[in-house]
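Report on the following structure.
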Amino acid sequence: MGQVFLLMPVLLVSCFLSQGAAIENQRLFNIAVSRVQHLHLLAQKMFNDFDGTLLPDERRQLNKIFLLDFCNSDSIVSPVDKHETQKSSVLKLLHISFRLIESWEYPSQTLIISNSLMVRNANQISEKLSDLKVGINLLITGSQDAYMSLDDNDSQQLPPYGNYYQNLGGDGNVRRNYELLACFKKDMHKVETYLTVAKCRKSLEANCTL
């Protein structure tokens, strides 16, 4: 009986520590989701602002090219639809989100150089990407099952971004900016979706459907 009473304080402390860790985890998730939502909104605004400077025929042609083309980050293996996203583990969604954010660290800098209309937003984006990357890394490190072996596809390096647009031709600058912004918007939407689902799972909500 005495041993039971001795164990009770230990169990209570353990319970409080566990609750504290869960609260901190949710706080980090809230911050990460808020950051990526803001990034997604900035990406949409930058794309819409640039799209608004194009002539109708130019816009249609670039949209057709983009639909047939691919983004540099497409080499990162990620869920292809809502169903696959729902089936993915929290840790897998965090790892994919981290790699997607990491893949934009250099390209976000090129936006500052390539289009003077977007300098202010691009500066915001570079800083917010760095903050979000740190936050996602904390979530990965603090995960209860933080060990996850990456398969060959996950561990592959992205192709050098500098070579991605080397064969665009005479209209390369306009097409380059269009594809950069369209891909950035697409990837921020992905990360927002993945982090929102991961946050919901960690909060133990009954319904985490997209």
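The backbone N, Cα and C atoms fix where each Cβ goes, and this holds for glycine too.
A disulfide bond in Swiss-Prot ties Cys71 to one cysteine from Cys15, Cys183, and that cysteine is Cys183. Of the candidate disulfide-bonded residues, Cys71, Cys200, Cys208, the one lying closest to His38 (Zn(2+) binding site) when CA atoms are compared is Cys200. Sequence-distant contacts of Cys71 (disulfide bond), defined by Cβ-Cβ distance under 8 angstroms and a gap of at least six in the same chain, are Glu179, Ala182, Cys183, Lys186, Asp187. Rounded to a whole number, the distance between the Cα atoms of Glu192 (Zn(2+) binding site) and Cys208 (disulfide bond) is 14 Å. Neighbour counts of Cβ atoms within 10 Å were compared for the disulfide-bonded residues Cys183, Cys200, Cys208, and the top value is held by Cys183.
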